[in-house]
Amino acid sequence: MAFGLNSDDVTAFKLLLCLAVMYGLMSMLAHSIVHMKFVKPLAIDAPLDRFSEARAVEHVRFLSQEIDGRQEGRPGLREAARYINGQLEMMKERASDDFRIEIEETVVDGSFSMMFLGHSISLGYRNHTNILMRISSVDSRDTDPSVLINGHFDSPLGSPGAGDCGTCVASMLEVARLIVDSGWVPPRPVIFLFNGAEELFLLGSHGFMEKHRWHDTIGAFVNVEASGTGGLDLVCQSGPGSWPSRVYAQSAVYPMAHSAAQDVFPVIPGDTDYRIFSQDNGNIPGLDIIFLFGGYFYHTSYDTVERLLPGSIQARGENLFSIIKGFTNSSMLQNFYKQASPEIIIHQDKDDGAIFFDYLSWFMVFYSSGLALVLHKIPIAVFLILPFLLNLRNFSITSCLATFSDLTKGFLSHALGVFLAIVSPVMFSILRLLFTNYSMNWFSHPYLAYLMFVPCSLVGLLIPRTFWSCFPLSQDISVFQASRKVLSDEARFWGAFGFFSSLTMAYLLAGLSGGFLTFFACISMLAAWLSFSLAAKHYGRRSLRSILFFVLPMVPYLAYSVYFGGFLAQFLIEKTGMMGSIPPPYVCGHWLAMSSILQFLLQIIVIGLAVSSQFFPYSMAAPKRVVLQQTYRTSGPNHLENSSYELSVVDSNSLIFLLKHAPDVANELQTDLDLSFETANLSRQENWLALFPVSFMFSRSLKFPAKESTSKKNIHFPYLISSKPQTISDHGSRRVYLELSLGSLEEVWVTVLNVTGPLSNWSFADNKLPAPEILAGGPPSYICRLSGASHENWRFWLEAESEENLRIDVAVLDQQLTNEVKRLKSLFPDWVDVTAYSSFMSTYTF
């Protein structure tokens, strides 16, 4: 044959080409689904009884473009509240007499403790604005159980917040308008909560649950969020119980949900208001629905209306309207205060969850956890009785044990292949760093990740197949009247089946909800083997036609694997990294594990290495994130001790890499382009107190001297003083009364207190201390974040159990920048997104 290929090699390459075409078509389908290509956005002149994405986008445009920042401490947040209130009032004016519409603007305050990003922290807040709209029938009662729709209108530091969470507010406004203009009167009240302090660690929702009179009427809720600018609007959390997910499965127009997300979400950095409603401050059944794509722009200055993915808001709006109908018509809807009744608790205990997933956003598969206990045990039961089923014609204990031995070898071979499929890309990525000066070349070019890592993962998966001959069969060929090749294929296939069956059982025993993935694989493999066995009788086992009959029953599972795996890969690429490939059908392993195919894949790996090294990791469409803090060390309201610039990054390419590719920045900082961490002035963790605990995500920060600025000379700095004499209790503890002034700062985002020493109590969080933190190996610290604009100073007390001094470190984050910082920020390349602010730090002892 040409190129030294024999007939088997040609057959193998034909099979590889067919599989590549099949996976390519599946990938195109998956890409169109996850990027909402199948959803047609309605124009601004769409009928008033339909949800219109164009109308919603106009709200996003105003909130993110016309308003200059919706961060706490900036005037834009108040302007956004006025805009939302105005829109709601216009809806109320044109509503028919069948509606009872109530609109309230409330100011919330409070204090509580929580664990966030694995760190214990207390929070105190005041003067945060929530806007509420309650839509009900004219004859509704105040105590009727209601459905809450929650979204936040504040935005993170340095971001216009078009996706996070202008899209949430816009969707809610358009759905509220749709209810009013369509004439559909909800049978139960619907409450829209536009909360103004989510980015400050869920304060707006906490204030509602603690203070508002409507909170105990909530029987179900939907929290809408955004971790990007569109794409899949995934149900990431649901519960307590299976009722919320059941309502979603029955109602969603474009279902996008799978229970496996609930297994993963707790390990992802961050949190949403779902936590407040369903866990910390309530036991309300609800859904947490989040935009997941466009994560490149999440919490950056590039989160603009132009980055929104068309079709995403349309799908969210139609889903949301339908889900509201589902909840309000459900007989399960109960008041919040009734959620703790014994009957409800018993019901939730019996139905603690469900297994559900959407199939390509076409329909939902939903079944209870009780049914899963039965279904998910079937594959492992089949695997365990296989040695008996395969030996029915020539039954003996010896032959059954021999068959079980071979199936075990197949199980171990497949497990090793999966392990190598995961390890091989990791080893390749480490090796690649020897040939390039930086990592994450694939970050702004996702297709590079597939070119680099999928062939490598496939080679790792197929390696055990090439060594299968080293494992002699235990079965007697003469007894089974079958060739060694046939028995080997059966052992490999059923070993892989046993591997997926074991994973399904492991998910079940661990109480996780992602077992449907491997259960789907097991059922598909059974159907594929039956189809292949029938075809082999007519066409032979080595015929491509027989392999076609094997693949066809696997197509639904493979299509879902590409959809699920592609979505997960893109999400991880946008966030942090990559994932391996989906294993191909094992009947094809004989052909794909041939040396010619392995050599071809190795050549693809080398090409991927060479090509990827030529690409730069970042672009405007996939920016690198940099944090720039100008630190002011002060003592008292008028004395500035020193000032410095502190920079940090949040990915694997360090500041050294950044300064090398941003020479103008390095020149402005008056540093050498050959700077190294050994010679640089490192920034300590405690210098980032203003961003605690988010600062623990930063890597190897650097500190540079700041240029002298005249813009800060005439301001009054924050300071802490004793407000009245300390008192001594009968037990010998002393109480210190303090008053914190924020000086003349006008755009304060947050103030962070770090208290060390013999602290035994304080006036925050219902007079309860959080768990202590250990910062940079120092003494135990108690951290409290304070937020909320006010002309009044913060007044609080600390209680010490001894005469030893209490030390208080204060960090105040102000969003106003000096001209020098603005100039420094402007020097960064356009592939860098810079979050810049000022931090005023001071230390006191009492």
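A Cβ is built for glycine as well, from the same backbone N, Cα and C atoms used for every other residue.
What TrEMBL records for 130-321 is domain 'Peptidase M28'. Model confidence over the domain 'Peptidase M28' (130-321) stands at 95, taken as the mean pLDDT rounded to a whole number.
Taken from TrEMBL, the feature domain 'Endoplasmic reticulum metallopeptidase 1-like C-terminal' covers 622-844.
Residues or ranges marked as transmembrane segment by TrEMBL: 12-34 (among others).
Residues annotated as transmembrane segment in TrEMBL: 416-435 (among others).
Per TrEMBL, transmembrane segment is recorded for 447-471 (among others).
Note on the transmembrane segment (491-510): residues 372-373, 376-377, 379-380, 382-383, 386, 406-415, 418, 465, 468, 473, 518-519, 521-522, 525-526, 529, 583, 586-587, 589 of its chain, located 6 or more positions outside it, place their CB under 8 angstroms from a CB of the stretch. Annotation comment: TrEMBL describes 491-510 (among others) as transmembrane segment.
Per TrEMBL, transmembrane segment is recorded for 516-535 (among others). Same-chain residues lying 6 or more positions outside the transmembrane segment (516-535) and placing a CB less than 8 Å from one of its CB atoms are 258-260, 355-357, 365, 372, 375-376, 379, 382, 493, 496-497, 500-501, 503-504, 507, 543, 545-554, 556-558, 560-561, 564, 585, 587.
According to TrEMBL, the transmembrane segment annotation covers 547-573 (among others). Residues 15, 22-23, 26-27, 29-31, 33-34, 232, 258, 292-293, 295, 359-360, 442-443, 446, 449-450, 517, 520-521, 523-525, 527-532, 534-535, 579, 581-582, 585, 587-588 of the same chain lie 6+ residues outside the transmembrane segment (547-573) yet bring a C-beta within less than 8 angstroms of a C-beta in it.
The annotation transmembrane segment is assigned in TrEMBL to 593-616 (among others).
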